[in-house]
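Enquirer: Supplied in structure tokens, the structure appears directly below.
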Amino acid sequence: MAKDIKFSEDARRAMLRGVDQLANAVKVTLGPKGRNVVLEKKFGSPLITNDGVTIAKEIELEDPFENMGAKLVSEVASKTNDVAGDGTTTATVLAQAMIQEGLKNVTAGANPVGVRRGIEKAVATAIEELKAISKPIESKESIAQVAAISSGDEEVGKLIAEAMERVGNDGVITIEESKGFATELDVVEGMQFDRGYTSPYMVTDSDKMEAVLEKPYILITDKKINNIQEILPVLEQVVQQGRPMLIIAEDVEGEAQATLVLNKLRGTFNVVAVKAPGFGDRRKAMLEDIAILTGGQVITEDLGLELKTATVDQLGTANKVVVTKDDTTIVEGAGDSTQISARVNQIRAQMEETTSEFDREKLQERLAKLAGGVAVVKVGAATETELKERKLRIEDALNSTRAAVEEGIVAGGGTALVSIYNKVAALEAEGDVETGINIVLRSLEEPVRQIAHNAGLEGSVIVERLKHEAVGVGFNAANGEWVNMIDAGIVDPTKVTRSALQNASSVAALLLTTEAVVADKPDENGPAAVPDMGMGGMGGMM
């Protein structure tokens, strides 16, 4: 296919048009008085959102050169979303400001490579300063404030703070759609996995159809149990202790299952069998997790262990186990806290190394089950359109809160970026490197300018006053007052602000140093006509 090539000024101008179209659509959502954007969906009702990355991903431009510019900025939003989970609109605003200022200077004769060095130098200093002014997040109130600012809803803030308090910072918090109107929180404490009892005759509460075992022994194996003789020795030891038993195995079937059910119904002993969670290597890892949590051993041939020689000492224990037809919950496993901590650190290290998003998600789930529990935020709304919009906002708020716990918080509303202005301005440089630093300085003002603009005010006036205010004092666009941002609960996670600045500068520097752009040439003749299949003379067929 023939290619269309544009060089230097033409290339950069075409890409800038794309950057502007995407950024202008995204930046109207910034701040407490930001507006929504409606996205057409081929099926179903349109999506109404103020989430920057969702809008950016939907934009596809007709001109291939403009589209390349738009896609570059869309990547800024996506990358910021991947790393920090929020701040995508801020990242887009920063990228647009840097690209616009940079192109003005490059067009006027500045060397793009020198400008790039200046941008990198300024951003490195800005990030150091952000870390220096960052405050750790400690109280439940602070967590609620971060979530409320991100979602624009105080109730959501309280809900997420409650969830994080209940399951801990490492706990899994999932967001699901509710069937009702209310948004509520459901917390599962302890380790839960999605496998239920192998026979309904094992239940202890026939009304709720669940089996509740108090202080049970837990046999963990990756083998299939067909013959009761295999587990008879350990079963007899448990019966002598007069305690219930949970068996986690690949499967329990045939004669073994029948014998267990029969003895359960006769009241000889209380035992429940469940299938092991997961598949393949992941199953082995999850069984090992359960063993560490309950202080037991996995009876597996990999370790040279056999079921018929297993003893009570190799079994795990827990305060309580609840088994339903769909899942099993182990509450307060009796494992050694040092071993559990070591396992948690091992899983964390695996999360850092893995490149697969799916694997990372599964590792995060395992981490949560060991470290805390699982909280489910059930999102309710009156209509499907409102439900989708609300769910997106709550996801952003959750990501924002996690980022705040990780790296702390800075003053919100773009205030932190302006407060580091003087430190960046103090950098010594000359020529094109100085030009690069000035480009970053101009972009640091842009989020405040845009927040003020969206609130119907003159951004430049707000920025100038902000530069002369005391550190931490900023403009609250929600009510038009000048307040101490952190005291007023208007905060941004440091990680979100840092990621936005890093990703914006990275793409801006790349675009400024672009000298040629290659795109497919559109086919001027349009698609070829369908050829005549020579069946014109067959009209007499019935």
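Note: Cβ is positioned from N, Cα and C throughout, glycine not excepted.
Pulled these from Swiss-Prot:
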BINDING   Thr29, Leu30, Gly31, Pro32, Asp86, Gly87, Thr88, Thr89, Thr90, Gly413, Asn476, Ala477, Ala478, Asp492  ATP binding site
REGION    522-542  region 'Disordered'
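Give me the lay of the land around each of these features.
Expert: Ala478 (ATP binding site) falls within neither a helix nor a strand when secondary structure is assigned with DSSP, and so counts as coil.
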Enquirer: Let me check the 10 A CB neighbour count of Asp86 (ATP binding site). How many other CB atoms are there?
Expert: 32
Enquirer: According to DSSP, collapsed to three classes, what secondary structure does Thr90 (ATP binding site) have?
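Expert: It is helical.
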Enquirer: In sequence order, what residues of the same chain, 6+ apart, have a Cβ less than 8 Å from the Cβ of Thr90 (ATP binding site)?
Expert: Leu30, Gly52, Thr80, Gly414, Pro447, Val496, Thr497, Ala500
